[in-house]
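Everything on this sheet refers to the single structure shown next.
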Amino acid sequence: MSNKKADSKPQAKYPVNLLDTPFPMRGDLPKREPQWVKEWEARGIYEKIRAASQGRPKFILHDGPPYANGDIHLGHAVNKILKDIVVKSRNMAGFDAPYVPGWDCHGMPIEIQIEKQFGKSLPAAEVMSKARAYATEQIEKQKVGFKRLGVLGDWANPYKTMNFVNEAEEIRALGKIIEKGYVYRGLKPVNWCFDCGSALAEAEVEYKDRTDPTIDVMFAFAEPEKTAHAFGLPALPRAEGGIVIWTTTPWTIPANQALNLHPEIIYALVDTERGLLIIAEERVEACMTDFKLTGRVVATAPGVKLANLRFHHPLASAHPGYKRTAPVYLGDYVTTDTGTGVVHSSPAYGIEDFMSCKAHGMTDSDFINPVMGDGRYIESLPLFGGLSIWDANPKIVDALNAAGSLLRSEKYTHSYMHCWRHKTPIIYRATSQWFAGMDVTPQDGGKTLRETALEGVDATAFYPSWGKQRLFSMIANRPDWTLSRQRQWGVPMAFFVHKETGELHPRTLELLEEVAKRVEQSGIEAWQSLDPRELIGDDANLYEKNRDTLDVWFDSGTTHWHVLRGSHKDQLQFPADLYLEGSDQHRGWFHSSLLTASMIDGRAPYKGLLTHGFTVDGEGRKMSKSLGNGIDPHEVANRLGAEIIRLWIASTDYSGELAISEEILKRVTEGYRRIRNTLRFLLANLSDFDFAQHAVPVDEWLEIDRYAVAFSQQLQTELLGHYEKYEFHPVVAKLQTYCSEDLGGFYLDVLKDRLYTSAADSRARRSAQTALYHLTHGLLRVLAPFLSFTAEEAWKVFQPASDTIFTETYYAYPEVAGSAALIEKWALLRDVRGSVTKALEEARTANRIGSSLQAEVAVHASGARYDALTSLGDDLKFVLITSAATVVKVDDEAQESVDVAASKYQKCERCWHYREDVGAHAEHPTLCGRCFSNLFENGEIRSAA
């Protein structure tokens, strides 16, 4: 280490111990950080951490894989840096905490990119080959971005869902859940995107406002006598009229097959200008106003009395193709919040409609399903064949009006389902898909998937705790999981299905293993090119390859199987200690992982779930291109340093939204400078200190040094408690207070006189340096998880022989005898010092003194304060940073005060104290007695400070 004098003017004659350090005041982070990234990689620092951690208890944070598409954004930075802080803090806490990053590689976004670049007519094999190449290129690009943020991990050996071994293990995982009896095939309404041409998972659906036509439509009486009887009438007063429904999806009217009423709601038969209308009694007044009609209630009946009545389709008079009737089915899901209290049911396009019609005896072959996968009606649909459903909406409204069935039509803005990729509206559409049944009893007769998953939620620790109820209610209320997708770039559901019955081949489990072996060698392309005869021989005449692929949420949702216990089983283990993602993953990765592990293992794949919020600007607005308020982590790293991003994330309560703006970054940068200046002071004042040669035993330290170490040890205990619970913002807040107030504002301030003016090798100075040595060890380690670049830079100056700070564990401070009493005593002294500082400031403002060293103070104190102050003896002046200090005993707190007077003595040229003995030695007329002693004799004796 360097031992240069920082200022040669006064020191030339009477030197002070003002030392320098190669740790610069300016961080110059954008320039230095990339050099550290290169050095960490070149020197294999991650591997050294792993070697140092060998044999310790494992802590596994399992990386939720980002999608291998596009540049990293601020949300990625938040996620990866939080993970890095967790992993580094767990390693330093004495765990073996590896970090294996991963990527999600299959699925629609990459297929879309390939279509954009090469068109839609590529053969499947070529789509796969180009998709693999594209994903690889994107991963490499993102990898550079993540490393630049200071994230340490096994970047040379990440997991990728498209690696052959992972693809093969996914097929084996599918085999496991089939064997256990969770998988079935059925016709069911699923989230369907016309642009994807595929079913969507719940997590791929987002809600946005959309304006649609809302219509009230009458289904005319088909059984007037039965209807009259249901209402307790001998006959209907008139023939015209019917039952009225309200819907926001006119396009579903052509597929109507039933009407739903609540069994307990009271329905009214209302005589109006448009005939007799059946409406829920409590909606009559609102509906009459909406329809611009006047009405008189003729009779009422509960819904249960109207069950099985039939009504004509509202387009029956418009085209013979609609000459059918709709029965009334009872359903508890019907409400009277809006509309008419009557729900029209198109079972192919709604979950509740589907369940209701199934419960009333309809079979799959009974369902009318005229909407094709691209969103157009089949050509044979009367009146609207070939039209897209959205284009058909106004035409259907017109046709209903012409048929005399329309009572009202207006525009309605509501929150509606959209595809998260295409941002286009989606629908429920009944298709034949493979499902994992939430309420299916498995083969072993055990608990259902829903029951097992809910138990898994209960057994998991949540950070923050509100996540538990959120995930619990999602699992409790979710439908069966649609496992199948109609895509090319995905892991195949590698079944052979009977050409006529759709049944699985009887040897399915065995065949899945055969396919998995081939995929392990050649990737999913092996299934694409497989001739069925190779595996099933002549059965190929009866069975064909299933063309569906697995939902990509199954890819990432089974990483606990194909990564933790598969491709990276030597480094990782099951279950993981922690999954850490954004709060949207309660319905995404947390959710799918829980379901797959519940099916395969009967438990959750994680012990803990940590969720963080999303980034917003300084005014709390979401970041968007239209607002122009987005912040690019690359730009910030290149301008201010990745360390500033890391400090911003660590200092923010991530359980809510994370606000960022230039003003916020400016404040973070100021906080960073304070920490850096503290480190620079510590390192400079240790630059001539060799612990082996100069360390002073604890029991010989000055009292304030023992206090500083005891206080720092107590603080570290608090900080490690926060780290343990993943509470990083209190860690940062307490460390910033520690650096600016406990060290900079007190201990280091008091220490300057002793460090600079005591004899270089005196016990007093070496005691201070020994304490600073321990403080620096402790401080750098607790900073390292979040201020990784700065801690490493300081560590290389502090411990140049050590490879890296990241192989260290949290510091074991030396034990200080009576530490609790010492901390309590010095809390009192610091309180008094605060009062003295205030009095000095008032004297300075009144021009009675210049600096605090020009002052002599008398502290009037009582009780414990008096005892604490007098125990310091003559060292009290050093604690108060005055040239003289006396203590006057008073009876009680009310009499306590501070008197400040300007010293009448001369100022020492070297230590700047005003002392009576300045010039006592004629040959040194500007030097005080203690400086003379420190320079030319045995040096002053201090005991406390």
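Count begins at 1; order follows the chain as displayed.
Every residue gets a Cβ built from N, Cα and C, even glycine.
The motif ''HIGH' region' annotation in Swiss-Prot falls on one of the ranges 66-76, 110-120, 627-637, 924-934, namely 66-76. Among the ranges 52-56, 157-161, 447-451, 622-626, the one that Swiss-Prot lists as motif ''KMSKS' region' is 622-626. Neighbour list (CYS911 (Zn(2+) binding site), Cβ cut-off 8 Å, at least 6 residues apart, same chain): VAL16, ASP753, TYR756, THR757, CYS928, ARG930, CYS931. Beyond its flanks by at least six residues, the motif ''HIGH' region' (66-76) meets 103-105, 107, 109-110, 113, 135, 138-139, 141-142, 145-146, 160, 582, 614-615, 623, 630-634, 660 of its own chain at Cβ-Cβ distances under 8 Å. For GLU581 (L-isoleucyl-5'-AMP binding site) paired with CYS908 (Zn(2+) binding site), the C-alpha to C-alpha distance reads 61 Å. Neighbours of the Zn(2+) site: apart from CYS908, CYS911, CYS928, CYS931, residues of the same chain with C-beta atoms within 8 angstroms of the site's C-beta centroid are THR757, GLU909, ARG910, TRP912, HIS913, ARG915, VAL918, LEU927, GLY929, ARG930, PHE932. Summarised by DSSP class, the composition of the motif ''HIGH' region' (66-76) is 3 helix, 1 strand, 7 coil. For the recorded site, CYS908 (Zn(2+) binding site), the DSSP three-state label reads coil. According to DSSP, CYS928 (Zn(2+) binding site) sits in a coil region rather than a helix or strand.
Counting only residues at least six positions away in the same chain, the Cβ atoms of TYR914, ARG915, VAL918, THR926, LEU927, CYS928, CYS931 sit under 8 Å from the Cβ of CYS908 (Zn(2+) binding site).
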